[in-house]
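The structure appears right after this line, and notes come after that.
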Amino acid sequence: MLEAPPLLLVAGGVGLALLALRWLATTDLQFFGRAFIVWNEFIMKPIRNLLMGSSKEQRILQHVLQHAVAGDPQSVVAAIDSYSLEKEWAMHVGEKKGQIVDRVLREQQPSVLLELGAYCGYSAVRMARLLLPGARLLTIEFNPDYAAITQRMVEFAGLQDKVTVVLGASQDIIPQLKKKYDVDTLDMVFLDHWKDRYLPDMLLLEECGLLREGTVLLADNVIYPGAPDFLEYVRGNSRFECSHFSSYLEYSKVVDGLEKVVYKGLSGPARP
């Protein structure tokens with residue numbers, strides 16, 4: 001049986017992609033956002049991976065190693081931004097929303113910061129570069145390849161003394177934070193993993209006694225791809241004080257935003 005050459009498969013894939021985009025790309029912003037993600041993550045990414053023999057995440061790391069300055073976190077952030085803007089779209093928080101993250105972090109000055117979802121380490125490096133002496137960041141990543149790239153990124157930035165990369169599912173690691181990682185309570189949590197895990201993981205943090213009065217949770221992508229159950233819960237519950245920062249999906253014109261949630265303490269049942 002004859003096998004189709006890779007380029008023929010690619011051409012066929014692109015043809016199917018264009019047909020899919022004709023259906024997805026309407027005037028509805030949600031459909032436009034969906035088309036943007038489908039094109040970049042489910043069409044172009046596997047095509048490039050096939051042709052180049054490496055993953056997008058590996059290419060991002062190589063770009064950083066070649067163009068950033070070792071021990072300079074800001075140059076690492078800038079290199080990732082330039083690659084994701086000019087070469088291949090990637091799901092980092094990005095420069096526009098990153099400035100919001102910077103501002104919140106500077107205001108809070110956390111001693112213990114938890115990140116849910118490391119991906120390639122962009123936000124870990126971005127946040128850790130602003131931490132005060134003695135402060136630390138734990139970042140939980142489920143994908144072992146992403147966790148390894150994050151670890152390499154953190155080490156290249158010279159932040160290995162501030163950042164601990166934890167491999168595993170958030171729902172498995174969160175109950176271990178107190179005993180295994182010596183966490184009493186968290187000053188700040190950055191949520192940027194699976195959007196359907198935002199609400200259950202926040203409630204799990206509360207159940208495990210990791211939230212204190214004044215703990216700040218900053219959730220990315222609450223508009224697109226969206227975390228409607230999370231927003232509905234925190235905005236309708238007296239245990240939380242919410243504020244919204246409107247912005248755009250990383251490296252795009254798709255409307256997005258971050259939600260800042262301040263935990264006011266347990267004044268009612270922890271489950272919706």
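Keep in mind that glycine also has a Cβ here, set from the backbone N, Cα and C atoms.
Note that the coordinates shown come from a computational prediction; the quantities given were computed from them, not determined experimentally.
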The substrate site in Swiss-Prot includes Asn221, Glu250. Which of Lys195, Lys260, Lys264 is also listed there?
Lys195
Return the residue out of Asp192, Asp196, Asp201, Asp229 that Swiss-Prot annotates for the same Mg(2+) site as Asp220, Asn221.
Asp192
Same S-adenosyl-L-methionine site as Val93, Ser123, Glu141, Gly168, Ala169, Ser170, Gln171, Asp192 according to Swiss-Prot: which of Glu115, Glu155?
Glu115
Mapped DSSP class for Gly168 (S-adenosyl-L-methionine binding site), helix or strand or coil:
coil
Can you check which residue among the binding-site residues Val93, Gly168, Ser170, Lys195, Asp220 has the largest number of Cβ atoms within 10 Å of its own?
Asp220
For a quick check of understanding: among the binding-site residues Ser123, Asn221, which residue's Cβ has the most other Cβ atoms within 10 Å?
Ser123
